[in-house]
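Data block below; observations after.
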Amino acid sequence: MSMGWSLWVMFLVVLNMGISLFLFLWGPRAKIPSQPDQTTGHAWAHGTIREGLRPLPRWWLLLSGSMFIGGIGYLVLYPGFGNHKGLLHWTSHGQLAKAVAANDAKLDPLLQRFDLYSVEQLAGDPEAQQMGQRLFDDNCAACHGRNAHGNQALGAPNLTDNDWLYGGSGKDITTSIHDGRGGVMPPWASLGEQTVKNLAQYVLSLSGEPHDAKMAAAAEPIFKGTCAACHGADGKGTQALGAPNLTDHIWLHGGSLADIEKTIHDGRQGHMPNWDKRLSDDDIHVLAAYVYHVSHPDVGAQ
Ligand code: HEC
Ligand code: HEC
């Protein structure tokens with residue numbers, strides 16, 4: 001507050017308190033001419049209401065007096081009298097900082113400890129596993145299943161097999177949870193029914209499943225020309241696109257001939273929601289550690 005404003009506020013405070021004090025002191029002493037019947041002589045409503053003269057009740061005087069003194073005390077202790085800071089040096093910023101500090105102290109000290117570790121390190125911590133399991137049951141199990149084994153009907157991958165659409169490092173898993181993921185396998189019905197059937201045989205051949213070699217051979221150039229852009233020339237997938245490895249016997253949308261033909265014919269889309277709006281960064285950190293733990297059960301406490 002500038003000096004001018006400070007002086008103005010001080011002036012207003014002194015003026016108001018002065019007027020109150022004056023009324024206090026003057027009120028009881030003031031001589032108001034009165035009639036013999038203890039009224040002022042003012043009458044309303046044809047004389048049915050007359051203005052009486054009574055001393056102020058004692059309780060009212062005491063209450064007002066103590067509030068007046070309390071007001072002065074407040075202005076001495078707290079800010080309010082212009083730029084005077086108050087003897088207690090109270091500030092609203094200080095009050096907020098205190099409240100925040102008290103809240104932080106109450107916050108689970110566990111989370112503060114977890115912050116010190118990487119996802120990979122935290123995965124070995126039994127307390128983090130417990131907290132992660134609770135968060136997983138609440139938020140993730142609906143799609144990925146209670147045991148995180150996934151759900152083919154939803155295209156939600158098994159998270160325990162250490163086979164990753166988008167990468168299995170602590171950082172990749174954290175990104176998957178924080179930002180969400182959406183893999184798009186386009187539909188290829190336009191290539192023709194026969195080509196789709198041939199391609200399905202070729203996909204089966206990639207993982208060494210029983211297949212029709214002639215049909216697969218017929219599809220090979222199409223795979224190399226069309227599908228390899230995402231799944232790679234060797235069919236091992238591209239994590240940057242979430243295009244799955246087709247050689248590993250692990251199927252996001254089912255590995256039967258009918259499933260694979262349907263995938264190629266109609267396309268597939270997976271939607272992993274983003275959790276950055278619904279969960280705190282600390283929660284996501286613990287969840288990533290939990291996912292890392294269930295996919296690396298051999299990682300011991302460190
Ligand atoms: C609405 C269903 C749904 C929910 C809820 C869900 N997910 Fe997913 N999640 C998916 C789908 C579908 C994918 C695959 C995305 C794709 O195909 O591109 C996926 C992918 C992932 C991946 C990437 C896996 C990989 O192989 O790279 C991780 C990690 C993951 N989810 C963890 C979680 C965690 C942790 C939670 C809870 C906070 C969660 N998900 C909640 C549906 C879900
Ligand atoms: C634009 C990139 C892209 C192209 C091109 C593409 N795919 Fe895919 N494909 C994907 C993605 C992404 C997925 C995973 C979809 C999901 O996340 O649910 C997928 C999934 C699949 C799957 C299911 C795998 C499983 O584990 O269930 C098969 C089979 C497949 N693709 C075969 C093909 C064939 C055959 C072609 C060529 C005709 C092809 N894809 C072309 C991106 C592509």
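Glycine too: its Cβ is placed from the backbone N, Cα and C atoms.
Keep in mind that TrEMBL annotations are predicted by a computer and have not been checked by a curator.
Taken verbatim from TrEMBL:
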type     : residues                       : note
BINDING  : Cys140, Cys143, His144, Met272 : heme c 1 binding site
BINDING  : Met185, Cys227, Cys230, His231 : heme c 2 binding site
DOMAIN   : 127-207                        : domain 'Cytochrome c'
DOMAIN   : 214-295                        : domain 'Cytochrome c'
TRANSMEM : 6-26                           : transmembrane segment
TRANSMEM : 59-81                          : transmembrane segment
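Shown here: features listed in TrEMBL, placed on the structure.
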| residue | record | CB count, 10 Å |
| --- | --- | --- |
| Cys140 | heme c 1 binding site | 22 |
| Cys143 | heme c 1 binding site | 17 |
| His144 | heme c 1 binding site | 22 |
| Met185 | heme c 2 binding site | 22 |
| Cys227 | heme c 2 binding site | 22 |
| Cys230 | heme c 2 binding site | 17 |
| His231 | heme c 2 binding site | 22 |
| Met272 | heme c 1 binding site | 21 |
Tertiary contacts of the transmembrane segment (59-81) (same chain, 6+ residues out, Cβ under 8 Å): 9-10, 13, 17, 20-21, 24, 87-88, 90-91
Cβ under 6 Å from ligand 2: qualifying binding-site residues of Cys143, His144, Met185, Cys227, Cys230, Met272: Met185, Cys227, Cys230
Same-chain residues near the transmembrane segment (6-26), Cβ under 8 Å, at least 6 residues beyond its ends: 64-65, 68, 71-72, 75, 80-83
Alpha-carbon distance [His144 (heme c 1 binding site); Cys230 (heme c 2 binding site)] in Å: 24
Where Met272 (heme c 1 binding site) sits in the secondary structure, as DSSP reduces it to three classes: strand
Residues of the domain 'Cytochrome c' (127-207) by DSSP state, where helix covers H, G and I: 47 helix, 7 strand, 27 coil
Rounded Cα separation (Å) that holds between His144 (heme c 1 binding site) and His231 (heme c 2 binding site): 24
